[in-house]
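Comments concern the structure below.
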């Protein structure tokens, strides 16, 4: 069927902010889809609230709206733009739910807007648990015994009938939100109650648990002419019971027979045809390891996290083709862009093994609940490609950036056998390492399989890795064993530790013996057809397929997996850097390990190496490609940490030089630089042990801010008030960065702001100053930020511009740098300098219209600001007000305290823009799902030193009609100052009348809770905060954020005064 001519303008809905369960894979999908539709000649309108995405760049769609994805705003845009059609299946669960809401509101019908791609009825059938069950029964497809429930009592009654364990799956939620496995009545009561609350239709499926079955996924495509194919099938290392987003996954499936493969393939195709899905779809199945019995677990009728993995694993661009199918093209008409010669109807074939390992946030949240279940907890993932399972698994392990270069955590050698077995049976995020340790201790694969239900085949591969370790240890220097180890994915550093030499020595031995990697092409067809994709992975075999270009090239290092502190913003900068390299006439090469992102789409760069970002792997690529130099500024801390070893190995680092990077990152050198440049900073000292830290703090005076040097996202950063807390910090937290000392700084309570600057070494362009809404003490990544600044005097702005220029030139910055300031009594202090692109680059690029990463890259390659048409100094401010607001994933992370402080906790961001501060704030709150009604009850539970300020907020809330409730100390302070409040207990003896009870009953509309300086003793506060998160009640732990929300409410309310 030719593409449709009756539609001209199509609206695409993005997926909004990054949260656990919905990450960068939707930026990749949305970007591909918009470009694909434009390629076919359609006009594209995009709506997304997340500025840190490539898809919200002006050139991706014809009209880009960075607005909240809520009915109110999407309806306005629909009325204004009047598109002919809407494509919702590329915006994750957010896009689907929005389409359902628009349809139910009658607006699509009123405006004559057609839904493209998969029809609403099919989305409903796949997402509504009852309809899905009916369809499967009609198709004769087996599903586990189950019951749809709308109340907790119904859930308990059904479970009593079929017996425990049971699985709870809420309808229309993302990443298993609110679900879980329940072994008894008590657990079911809790999980079902929570699941019903989180489901937008108050519906859950309770089903018999089939935990222990193999989990197999099929990524399938279908077009309007009923052509359907399997793009990729994948097997989870972990059996059913652990969310697929938290499982290690291999593609293609490794342990199923051809008969089983065909049986599950037929089932998947039968389901996609019955649902009449047009585009991509993911089918999850459970296979009994002891028979040919299987169950259908669920179907995602949209592009998903698995689609991104399948696209990168096979090279087959699912989202791009799904968009073409949506406008009527069929798979047998679309040319596969990878081969350029076969049609998209051709099923990909793989002659390699792909491993995906999730990246979890527990290095940030040590107190978080690490047990894995049906609710997703990973923030990101890595992918690695190899010729065998061992190679791809070990490459993926070292891509994780959790300080391991192998499937081994050194600390586990100290763990008792009992503890080891416990951790293996009760799966946590690090179970792979515990299983590997058990194998090293002599437990057999069969014993471990019995305990974990993981297939013996995979455990045998772990045993094989251990056998090679032993061979290496007993054959030091042996080239035959060295080659075997390299063919099975061993890193030089691991071999060096077994041979008791340096990695450099191992590398030399390898090179002398000509044991070097070759690079193979990912071509979707197992080399059956000619292919020209510049997409490569390394292996130790024969025949290198990557040929060094005749053109001069530049290598850009990506930022690896998405984690808290290093998100999609860095991928955004990487992609823009590549565009600038190409525009300057060079060949751009990207190296990265993250399957979710735009940077690892092979059509972005001239060459893509899907490899771990370690010194060894990067050097191997450099030796083959011989680039002009390497750019490390855009890959976050991952890339910056590689600058020094690469430079020592003689590699040219482009942009700011290593010695200058060091001056910004090393505390003593930085202090010296600031003194020379005459720039004030809060008084501080470095300490290498506990006594030095205590001595420094006494000298400076408490409170002090303590942190390790060289970290990202405020890892292990704390504000300490007294010596006892400082000693405890030094004993527990300093392992964050053992080679570097701890910084002890005077903690200044002031207004914080930050600047991104771009310098060519002579002139400095400052695109803008962002003012944080929360005062110093909340990590910059968790603060709301306003551009242009709303309260800074001209004098302060001038000082900031002056200090920025001095710093950029004084530290010989070429390219980009980020500086954070704190302002107290009009005095400006520098808190820190990052000599690289920061997480604010996409936001600031969007609001100033300066493509900052592109400009910085051109300067890194030798051009000047003047040549690019930019002037020295602070760029003129925008007339609009733009707010960047953080978004958190606390609902997914049990036991993680939602209290904001100097360590970063947010997973994503949104932007709100309008002509006034209040309107921009309103949009930012709406986009980040912080919605406050115009009236209701608000609870204040406030620490001693903030009561005076809280009283002013409470009075303002009372003026607009809110009922003020407060806990004991806060209530008496408010009453003493003439404000009438209702007294409530924090955590009461009568658990029907305390704050969590009122939250459960829906009596509380918001909570404002601050803690004193002894944050640790705040057990009750943590229970209240968790309760608010669980029930979706807006929670403010910084008074400044509550003040911003009040501004919005006040601007929306009319003044009603008696005369």
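Placed from the backbone N, Cα and C atoms, the Cβ positions cover glycine too.
Taken from Swiss-Prot, the feature region 'Carboxyphosphate synthetic domain' applies to 1-401.
Residues annotated as ATP 1 binding site in Swiss-Prot: 129, 169, 175, 176, 208, 210, 215, 241, 242, 243, 284, 298. In the three-state DSSP scheme, residue 284 (ATP 1 binding site) is classed as strand.
For the domain 'ATP-grasp 1' (133-327), the mean pLDDT of the prediction comes to 93. Per Swiss-Prot, the feature domain 'ATP-grasp 1' maps to 133-327.
What Swiss-Prot lists as Mg(2+) 1 binding site is 284, 298. Spatially close to residue 298 (Mg(2+) 1 binding site) yet at least six residues away along the chain are 126, 132, 169, 283, 284, judged by Cβ distances under 8 angstroms. DSSP assigns residue 298 (Mg(2+) 1 binding site) to a strand in the three-state reduction.
The Mn(2+) 1 binding site annotation in Swiss-Prot covers 284, 298 and is backed by sequence analysis. Over all protein chains present, the Cβ of residue 284 (ATP 1 binding site) has 20 other Cβ atoms lying within 10 Å.
Under the heading Mg(2+) 2 binding site, Swiss-Prot lists 298, 300, citing sequence analysis as support.
Taken from Swiss-Prot, the feature Mn(2+) 2 binding site applies to 298, 300, supported by sequence analysis.
Annotated region 'Carbamoyl phosphate synthetic domain' per Swiss-Prot: 547-929, in sequence order, evidence recorded as sequence analysis.
Look at Swiss-Prot and you will find 671-861 tagged as domain 'ATP-grasp 2', backed by sequence analysis.
The Cβ of residue 779 (ATP 2 binding site) has 23 other Cβ atoms within 10 Å, all protein chains considered. Residues or ranges marked as ATP 2 binding site by Swiss-Prot: 707, 746, 748, 752, 777, 778, 779, 780, 820, 832.
The Mg(2+) 3 binding site annotation in Swiss-Prot covers 820, 832. For the recorded site, residue 820 (ATP 2 binding site), the DSSP three-state label reads strand. Residues within less than 8 Å, Cβ to Cβ, of residue 820 (ATP 2 binding site) and separated from it by at least 6 positions along the same chain comprise 752, 753, 754, 780, 830, 831, 832, 833.
Among the features that Swiss-Prot reports, Mn(2+) 3 binding site is placed at 820, 832, with the record citing sequence analysis.
The Cβ neighbour count for residue 834 (Mn(2+) 4 binding site), using a 10 Å radius and every protein chain shown, is 22. Per Swiss-Prot, the feature Mn(2+) 4 binding site maps to 832, 834; the stated evidence is sequence analysis.
As annotated by Swiss-Prot, Mg(2+) 4 binding site applies to 832, 834.
Summarising the annotation, Swiss-Prot assigns region 'Allosteric domain' to 930-1059.
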Can you tell me the CA-to-CA distance separating residue 215 (ATP 1 binding site) and residue 707 (ATP 2 binding site), as a whole number of Å? 42
Fewest Cβ neighbours within 10 Å, where candidates are the binding-site residues 242, 748: 748
In DSSP terms, the region 'Allosteric domain' (930-1059) comprises 60 helix, 21 strand, 49 coil
Please list, in sequence order, the residues in the chain of residue 129 (ATP 1 binding site) that are at least six apart in sequence and whose C-beta is under 8 Å away from its C-beta. 146, 148, 169, 171, 203, 204, 205
Tell me which of the binding-site residues 208, 242, 300, 834 ends up closest to residue 707 (ATP 2 binding site) in space, Cα to Cα. 834
Around residue 777 (ATP 2 binding site), which residues of its chain at least 6 apart sit with Cβ under 8 Å of its Cβ? 719, 747, 749, 901, 902
DSSP three-state assignment (helix, strand or coil) for residue 129 (ATP 1 binding site): helix
Tell me the Cβ contacts of residue 300 (Mg(2+) 2 binding site) under 8 Å, same chain only and six or more apart in sequence, or just say none. 126, 281, 282, 284, 306
Residue 834 (Mn(2+) 4 binding site) to residue 208 (ATP 1 binding site) - Cα separation in whole Å: 52
